[in-house]
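Below is one structure, written out as structure tokens; comments come after it.
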Amino acid sequence: MDSLSFRRVVWAKYLAYGLGFLILLSLPLKFWYLFSGETLSGWDTPGHIVLAKEFVKQIQSGTATGWSDVWFGGFPIFYFYPPFYYFLVYLIHSLFSINIESAFSISIFLSILSLFYSIYLFAKQFLWSLYPRYFQILFGFSSVLFYFSYAGEGLQGTSLVGIVEGTVISSFSHSLILFALVSLDRYRKKLKSIDLILFVGFTSLVFYSHLLSSIFYCLILVLYFFEYRAFLIQNIQKFSFVGLFIFFLILPVAYNYFRFSEYTSGVFYGYAYPPLLSILGKDVYDSALLASANGENLTLAYLVAFINSGRWLSVVALFLFLFNFRKFHNSPRSKLITTIILVFFWLSLDYSLGYILPNFKIHNYRAFDCFFITFSILFPFGIHFISGKRSGKLPLFPLIYFVLIVQFVLFLNFDLTKYQKYSSPLWRESRTTEELTLYQNLAEKLKSLPKGALVQPEIVKSKLMFGTPHFWLPLLYNAGVRNNLGLTVESSYYSTLVFNWQEFGFGHTFRWGTDVDWRDTLTSLQIEGKDPGYYLDFLLRSGVTHMVGFTPEYHNYLNQFKDRIQTIAVETPFTIVKILPEIEQKSILPIGLIHSNLFNSNSEYGYKDFLKTSSFLQMYITNIGYRTKILRINRNQLEKMESLLPYLSAVIVISKEKGFGEVSFMESIRNKKIPSIVIQESELISPNYGYTMLTLPLFLNQIPNSPETNQIRSETHSFFKGRAALTGELMLDDTGREFLLAKDNENAKVPVLSYVDGFVYLIGMSVSFLLVIVGVILTKISYFSFSKTKR
């Protein structure tokens, strides 16, 4: 190398390292508010903070899973939403002796750093490993800033906007996926055991962090091993052992999901949002429309916003990808990444996978996030294709350096809160003085409610301060009252049920986060189109004691049922009321509900089917003027029917087609002088009452009144088969709650979860984390070892 070339390389290194240092320095300056100790304005963030506080209680008792009273009247916590991220928050909270809010904010910053480094490392490993370090920095940082400067759309957005808004756990999981793939590819190239240890640790932590991300990760692993199938075949014995070891590490996660997934809300695993995101984004067009409404030229305003926002760089990236697609897919370095892009682009636009694999649907915007990360990683590779020393090519270093400077400027001017319409990233600063005063006064009113009060908040679809589940979560939690709603991703099936009933009661409310819609059927079962208070009856059956809301529709509803509510407190526009029972309704003991399939085909009465049937049946019972509970009788309980009959007022059998089994069962029940009836399933949703439904009033009139109908249960907890009754029989009622049948109900012990399961879960998660720590330490020791220095 001549002296001129040498000086150019030295200057190139100085320029590259200097720009890289400035980019790293900008991160803590841009996210200063994460170190303020203040609560953030994020969409899902307040709910995650509540979950982090609940995890502290669990880990201090020596388990990673458990039971919480803060949402849905009581629900299993961390069974369906893996808690490793909250484990990190707990470590930060313990090591630095700071509160959970501050620890969570710091964890967000660490997640940003983790995602930054993982994208850089992945790009370096798969694309730029043969280039000098200063080129690796330019290429890798360009990929990172391309991804970080994208806002996305929808309620949460993606990238940095999504991280601050509440998708931080999925983004953190994406960084773990990238680290795991880098470790696996390093092992493929160097066959070092340390890399295999890291691969095992990171893989396990993906499963302990985010379920949907772990499904994506499995898909990526399939693509990786297919691409490098010769390597897999050569090391099949070793990878079989590794796979078995990983399986045992993640067994607590897999066990909880496959055994208890029936009791989730259904939103996280069974629902696919329509595509919400685009590469170019619609924020430019929205700002141009706003400028046009103020009298500016639409085209000119669009061009100005298009340039200022940096969206033109996205157009360049699209053209580079489209016109170099064949090169991308044929290059050994980028073939795998290109395949991943295509797969996740398909998943982000289409949920046909739910038809290929029944009931397996995903959130499209999560898939799009994975697509956009890989698209960002490939962006500098497109620049590489239009540069070089041949004629007609642009010089590589000046080109990538110029692009990175432009990206850095755009990143510095990228306002995360602008896209989510917050005036400040901090919750308190983004609220007016009047809103803060109202919030404080409302909290004081809620604190005055009786201990153990279960409150049903009004839910509307809005990003304003009031009305969403995310507003109510911290407010009711800090007020010390029980919230009948919560985050649907971590819940029982009660959330689907309560959102359907609320939407039925309040037409303006939002059926939050579930694709199960029974409102039309419930509406069709109203008596002559009138509403005697079905929604209030459902809440009472659920154990709800109070309601709180603020919209005009809410107050109109209260005026409609003045005799069913008692005003407790008013903090305009909010009104807190106590729900009262319908005096004219006749109260009877619970009714047992059995499906004829138990007799004819020995198949179990499913959780979802029972709740749907019992909800429709309760409409008829309310219309007739009765109040009762409907209890599911499953296969095990059918075998001990003799012991259950004293607690039941009657038995109803739901039948599809009349069979011999139900006939003999009905005869045995009638011989015991227990009122019973068979109802055809089709008649429940028939617009015209069938013969059986017309005889239902006569059937109910045979049952004696009982004023203690709603006093038999011990708790208003969501039903969950992981909880075991130490005394009596624990049954599922028509509201998705547990119903305890015991001789001495007042002294009966509260059902409990298995401590061993939560302890094993914590051990598996801790071992996975230790594997990563040990792997990183061994890697650094190897890197800085004396023997390597000597070589």
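Sequential numbering from 1, following the chain as shown.
A Cβ is built for glycine as well, from the same backbone N, Cα and C atoms used for every other residue.
Listed in TrEMBL for this protein:
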- 14-35: transmembrane segment (TRANSMEM)
- 70-91: transmembrane segment (TRANSMEM)
- 103-122: transmembrane segment (TRANSMEM)
- 134-151: transmembrane segment (TRANSMEM)
- 163-184: transmembrane segment (TRANSMEM)
- 196-226: transmembrane segment (TRANSMEM)
- 238-258: transmembrane segment (TRANSMEM)
- 300-324: transmembrane segment (TRANSMEM)
- 336-357: transmembrane segment (TRANSMEM)
- 363-383: transmembrane segment (TRANSMEM)
- 395-414: transmembrane segment (TRANSMEM)
- 759-781: transmembrane segment (TRANSMEM)
When you scan the chain for residues with a C-beta under 8 Å from the transmembrane segment (238-258), skipping those not six or more beyond its ends, what do you find? 65, 79-80, 82, 196, 199-200, 203-204, 207-208, 211, 214, 232, 757, 760-761, 764-765, 767-768
Per the definition of 3+ C-beta pairs under 8 A with sequence separation of 6 or more, do the transmembrane segment (300-324) and the transmembrane segment (363-383) touch? yes
Is the transmembrane segment (163-184) packed against any residues at least 6 beyond its ends, judged by a Cβ distance under 8 Å, and which are they? 40, 42-45, 47-48, 85, 107-108, 111-112, 114-115, 117-119, 121-122, 125, 155-157, 195-196, 198-199, 202-203, 205-206, 209-210, 212-214, 216-217, 220, 224, 366, 369-370, 373, 416, 420, 425, 470, 775
What residues in the same chain, six or more past the boundaries of the transmembrane segment (196-226), come closer than 8 Å to it by Cβ-Cβ distance? 80-85, 169-170, 172-174, 176-177, 179-181, 183-184, 187, 232, 238, 242, 245-246, 249-250, 253-254, 257, 268-269, 336, 339-340, 343-344, 362-363, 366-367, 370, 764-765, 767-772, 774-776, 778-779
Lying 6 or more residues past either end of the transmembrane segment (103-122) yet within Cβ distance under 8 Å of it, the residues of that chain are 27-28, 31, 33-38, 40, 45, 48-49, 52, 85, 88-90, 92-93, 96, 137, 140-141, 143-144, 147-148, 160, 163-164, 168, 171-172, 174-176, 178-179, 181-182, 373, 376-377
With the transmembrane segment (363-383) as the reference, find which of 70-91, 134-151, 395-414 contributes the most Cβ pairs under 8 Å. 134-151
Take the transmembrane segment (759-781) and find every residue of the same chain, 6 or more past its ends, with a Cβ under 8 Å from one of its Cβ atoms. 59, 62-65, 78, 83-84, 87, 183, 194-195, 197-198, 200-202, 204-205, 208, 249-253, 256
